[in-house]
Structure formats: structure tokens, C-alpha cells
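Colleague: Okay, handing you the structure first.
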Protein chains: 2
Amino acid sequence: MRQMRHPPIEDVELEQVFHALSDPMRLGIVRKLAGSAELSCAALEDGRAKSSVSHHFRVLRDSGLIRTRPEGTTHMNSLRRAELDARFPGLLGAVLAVSPPPCDTPPRDD
Amino acid sequence: MRQMRHPPIEDVELEQVFHALSDPMRLGIVRKLAGSAELSCAALEDGRAKSSVSHHFRVLRDSGLIRTRPEGTTHMNSLRRAELDARFPGLLGAVLAVSPPPCDTPPRDD
DNA sequence: ACGATAGTTCGATCTCAATCGAACAATTGC
DNA sequence: GCAATTGTTCGATTGAGATCGAACTATCGT
């Protein structure tokens, strides 16, 4: 069973984390993962091509933000929350405290 | 006296901030500005071409991180600290709490 | 008014990065 | 063993972004 490669948390640089989070798709993934223990890649596809999504997960992994473990044909992803909180105290909390801007859905006509 | 254009803080998005901070040069500028009231562009050139530095200051301004005011021939720059703390509580603090990795200078032979 | 200074803009060059389709790989159920 | 499922990798395409030199702009001192 092939394991994914994750950088040790002490090798994770702030610039890499910012670069990973500067993309709306990846920031969205991190937000969703913050609200769950684990989520599969398929659960986070958001209508994109598989290869695009795979690319983003690769960036998130390489930047040290997430951990990926295989489970059958599925890859389960989780935020490396505790490690990141230790490495950059308060950063993730501050990031996740910011709610995303409203998406393009028109306002409800209740 | 020409004023620089700064986005209102409520128009500043998290992704823009992350994009601005994902470049080592710009992150370095923000770190230095955090330790001063104001600094000129020239004080932060770090050996780069003027046009390169100007480009980076433009990105920092457009992302809402800094404020620039002209003073004679000089442009004085400051971190929009209070506004950013209000907009993204704790974020800047967490960013600045992380010390930069050691630079490429060889260790002192004391 | 001119020269010096600080900084901006333009355009070129090159690298980086996001996108996707096609092909491939690992796992599981039958 | 094969098909289905999930996900990765490759390569192409396109756009974004960092770099710099040259030219330009605003301000100030003389």
C-alpha cells in the first residue's frame, strides 16, 4: 500500500503555506477540511477535472497543510491541524476565522 | 501631491493577502515594516532593481497590506496594521511571530 | 531652470502555475 | 481476471508573475 510523501513539519516554510492558500480552490479545500476529520478527493472536486484537483492536493500536501492516506481506491485527506498550530501558532485559527466572501449564487427570494 | 491608490480594507480578500505574502521578497518587506513606523522604498531595496522593488510595493499596496505616502522625492511605506488586525484578527500577529529561516550567510567563526 | 534623487511605467524575457484530456496505476467487488 | 472506481502523471496550452533595462515622472536643492 503506497504511502504519500509529506514534508516533516519543521521543513514547512511560511511562504509555501501562503502560496498554497493564495489559490481560491485550495483555500476552499482547507476550509472544508477544517470542518471534518477527513474528506476524500472526490468529495472536494467542486466540478473540476480530476487532474486539476489532483494537482491542487499535491500542492497542499507539498506545502505541509494536509495529510493524505489511501483507503481502498479512495484517498482520505486531513488538515495537519495540530502540527501546523505548533509550527505557526494562531495562523490556521486566524485563517479559518475569516468567512469566505459570498459565492455567486443570487440572494434567496424568501 | 499625488496620492497612491489603496483599496478600502473591506475589499481586501484573504487570497490576495496570501498571494502577496507568498513571495519571499514581499514577506521580507512586511517583516521589516512590522518593526518600524515607516520605511522608504529605497530602505527596502535589498539589492534588487528599482523596477522589481516598485513592482513588489505595487502588489503589497494592491493587496491592502501597506500604505504609501509621498514625502518629497521619497515614498514612505507602512503596514496597515490596525486595519488588518480588525479585518483578519490574529493573522498578522501569527505571521510576524514566525521568524524567517536563516539566510545564506555562513555561520560566524567566533 | 537644471541636476539629482526616488520611484513608476513600459515592454521584453523567462519561469511558474492552473487548466484539461489522455493514459496509466492501485484497489476492490464480482 | 476483468470492470469499476478513485486518483496520479504526462504533456500541451494558456495565462500569471518576477525579473530587469530604458524611459519617464514628481519633488527638492541650488
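The backbone N, Cα and C atoms fix where each Cβ goes, and this holds for glycine too.
TrEMBL feature annotations, pasted as is:
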type	residues	note
DOMAIN	A:6-99	domain 'HTH arsR-type'
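Please situate the listed features within the shown structure.
Modeller: Mean predicted confidence for the domain 'HTH arsR-type' (A:6-99): the pLDDT average there is 96.
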Colleague: Please spell out the DSSP helix, strand and coil residue counts for the domain 'HTH arsR-type' (A:6-99).
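Modeller: Each residue of the domain 'HTH arsR-type' (A:6-99) counted once, the result is 52 helix, 14 strand, 28 coil.
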